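Quick look at what Swiss-Prot annotates:
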MOD_RES   Ala2  N-acetylalanine
DOMAIN    8-43  domain 'EF-hand 1'
BINDING   Asp21, Asp23, Asp25, Thr27, Glu32  Ca(2+) 1 binding site
DOMAIN    44-79  domain 'EF-hand 2'
BINDING   Asp57, Asp59, Asn61, Thr63, Glu68  Ca(2+) 2 binding site
DOMAIN    81-116  domain 'EF-hand 3'
BINDING   Asp94, Asp96, Asn98, Glu105  Ca(2+) 3 binding site
DOMAIN    117-149  domain 'EF-hand 4'
BINDING   Asp130, Asp132, Asp134, Gln136, Glu141  Ca(2+) 4 binding site
Amino acid sequence: MADQLTEEQIAEFKEAFSLFDKDGDGTITTKELGTVMRSLGQNPTEAELQDMINEVDADGNGTIDFPEFLTMMARKMKDTDSEEEILEAFKVFDKDGNGFISAAELRHIMTNLGEKLTDEEVDEMIREADIDGDGQINYEEFVKMMMSK
């Protein structure tokens, strides 16, 4: 399944993997997974984290290595995000709940994820998704952006 990914996708997933793999040892533990999920505003229990890891932990060693992570991402991409998941993600970004994602909100989330973006990079992301040109991302634009990746 992971063999259907492009080199660009694999490179992106490698970057994402290293955001999760805080100590850089090549594996993601429940602790590391929990840290990332909490930075996204989720609050998973230890049992939920363990379930998530068990789901993709092919060799049963209790952690996720990069090949296992790739398999998980390839699977996730196949069953494209449901409308509900996209709405949940939108709500995470839309901190003040006004129905729009501003540059400040986008910057805040990306920084929490460990992505240190310049103002230019954040503005570029907004520009790419901002179809009506109002300088922020509404739900419809967010859905289009999520579906096109």
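Cβ atoms are placed via backbone N, Cα and C, with glycine included.
Note that this is a predicted model, so its numbers are computed, not measured.
Cβ atoms within 8 Å of the centroid of the Cβ atoms of Asp57, Asp59, Asn61, Thr63, Glu68 (the Ca(2+) 2 site) belong to the same-chain residues Thr27, Ile53, Val56, Ala58, Gly60, Gly62, Ile64, Asp65, site residues excluded. In this structure, the CA atom of Glu68 (Ca(2+) 2 binding site) is 10 Å away from the CA atom of Thr27 (Ca(2+) 1 binding site). Taking Cβ pairs closer than 8 Å, the domain 'EF-hand 4' (117-149) reaches residues 80-81, 83, 86-87, 89-90, 93, 99-103, 106-107, 110-111 in its own chain, all 6 or more past its ends.
The distance from the Cα of Asp59 (Ca(2+) 2 binding site) to the Cα of Asp132 (Ca(2+) 4 binding site) comes to 48 Å. Comparing the binding-site residues Asp21, Asp23 by how many other C-beta atoms lie within 10 angstroms of each C-beta, the top residue is Asp21. Within the same chain, residues 1-2, 4-5, 9-10, 13-14, 16-17, 20, 26-30, 33-34, 37-38 sit at least 6 positions outside the domain 'EF-hand 2' (44-79) and bring their C-beta atoms closer than 8 Å to a C-beta of that stretch. Taking the Cβ of Asp96 (Ca(2+) 3 binding site) as reference, residues of its chain lying under 8 Å away and at least six apart in sequence are, in sequence order, Glu105. Rounded to a whole number, the C-alpha distance linking Glu32 (Ca(2+) 1 binding site) with Thr63 (Ca(2+) 2 binding site) is 10 angstrom.
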